[in-house]
Amino acid sequence: MPNASSWSASSPLLLLWEDSSGTRIFLSLLYAVLAISGTLSNVMVIYLVFSFKKLQTTSNAFIVNGCAADLSVCALWMPQEAVLGLLPPNSSSLRSAEYRLLRGGLLSLGLTVSLASHLLVAFNRYVLITKLPSVYQALYQRRHTGCMIGLSWALALLLVPLLPGLWTPGSAQQPPPRQTDGSSRYTALLLALAVLGQTALLLHCYLGIVRRVRGSAKRVSVLNFHLLHQLPFPAAPPPPRRAQRRLSSVSVLLLCCVFLLGTQPLVWVSLLGFFLRPAPPALQAASWLLLCSLSALNPLLYTWRSEEFRRAARSV
């Protein structure tokens with residue numbers, strides 16, 4: 001049996017080779033459902049933003065960037081995992097190091113840009129709510145927005161070769177060499193710390209929004225920005241001030257909870273494996289699945305409270 005540290009590198013479906021066919025079929029179906037729902041939802045959001053002028057805002061530009069990255073996971077990576085899970089373990093496709101490298105690159109590229117887009121959206125909303133309108137307009141000019149989006153992809157392309165498992169193909173019978181295994185452990189640690197830092201910044205932005213909304217609902221109501229319709233707050237009709245503060249806080253906190261549920265299990269599983277002992281393979285698989293499922297849920301997280309998106313979807 002492969003050891004736990006080389007488990008994700010040598011497995012085609014985030015599974016051990018010894019797992020039963022029933023388990024592999026179940027995960028293949030799960031990947032298929034996530035692939036279909038995630039592809040449809042991401043394509044729908046991209047189509048709505050490009051088709052309706054009211055939705056073409058700076059905040060939505062970052063959301064579309066995240067949807068494009070999520071398509072790399074939902075439309076390109078997940079269908080392959082769903083099919084490979086139905087193949088026998090000795091299939092030549094599963095043994096191909098180049099093919100595993102390609103699949104790992106698609107997954108890493110999509111997840112990295114998606115996580116970066118989460119942070120860009122959070123920071124955009126934080127500046128919009130907590131800073132002066134002149135500061136927001138100066139920071140989020142069209143050229144600056146394009147540079148931010150381009151940097152998210154450039155950063156992902158630089159980090160793809162460093163992510164664990166990509167350069168340690170291994171095989172079904174032979175685990176990777178010991179020195180490569182140690183390198184993957186340190187890379188996994190750096191990845192976990194990077195996601196932890198990104199999560200801290202995202203929570204700082206959203207909790208700052210909650211504090212400002214709870215303390216000054218009047219400031220939010222008088223800002224004459226169409227971007228406010230893209231926040232996870234009710235757009236119209238405005239409820240009473242106390243109810244508005246409560247609903248706004250719940251919406252932001254719900255978004256944060258879903259994001260934490262998707263990212264933090266993998267972070268703490270990686271830290272546990274580095275400092276103490278490797279987590280059980282089933283726990284590692286569950287943490288990866290939660291992270292990957294965010295690619296299918298992200299479009300809903302950012303549009304479910306937007307009246308503009310709902311109106312555009314109804315018109316389509």
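Cβ coordinates are placed from backbone N, Cα and C, and glycine is handled just like the others.
Computed from a predicted structure; not experimentally measured.
The domain 'G-protein coupled receptors family 1 profile' feature in TrEMBL is assigned to 41-302.
For 25-50 (among others), the entry in TrEMBL reads transmembrane segment. For the transmembrane segment (25-50), the list of distant contacts is 13-15, 56, 60-61, 63-64, 67-68, 70-71, 73-75, 78-79, 81-83, 85-86, 285, 289, 292-293, 295-300, 302-303, 309, 312-313, 316: same-chain residues at least six beyond its ends, Cβ to Cβ under 8 Å.
The transmembrane segment annotation in TrEMBL covers 62-80 (among others).
The transmembrane segment feature in TrEMBL is assigned to 100-123 (among others). Beyond its flanks by at least six residues, the transmembrane segment (100-123) meets 12, 59, 62-63, 65-66, 68-73, 76-77, 80-81, 94, 148-149, 152-153, 155-157, 159-160, 163, 165-167, 169, 195, 198, 201-202, 205-206, 259, 263, 291-292, 294-295, 298, 302 of its own chain at Cβ-Cβ distances under 8 Å.
The transmembrane segment feature in TrEMBL is assigned to 144-167 (among others).
What TrEMBL records for 187-209 (among others) is transmembrane segment.
Taken from TrEMBL, the feature transmembrane segment covers 250-276 (among others).
Look at TrEMBL and you will find 282-304 (among others) tagged as transmembrane segment. Non-local neighbours of the transmembrane segment (282-304) in the same chain are 4, 7-8, 14-15, 27, 30, 34-35, 37-38, 41-42, 44-45, 63, 66-67, 69-70, 73-74, 78, 107, 110-111, 114, 118, 121, 230, 232, 255, 258-259, 261-263, 265-266, 269, 310; each lies 6+ residues outside the stretch with a CB under 8 Å from one of its CB atoms.
Sequence-distant neighbours of the transmembrane segment (250-276) (same chain, 6+ residues past either end, Cβ-Cβ under 8 Å): 4-5, 115, 118, 185-186, 188-189, 191-192, 195-196, 199, 202-203, 206-207, 209-210, 213, 232-233, 283-284, 286-288, 290-291, 293-294, 297, 301-302, 305. As a whole-number mean, the pLDDT of the domain 'G-protein coupled receptors family 1 profile' (41-302) in this prediction is 78.
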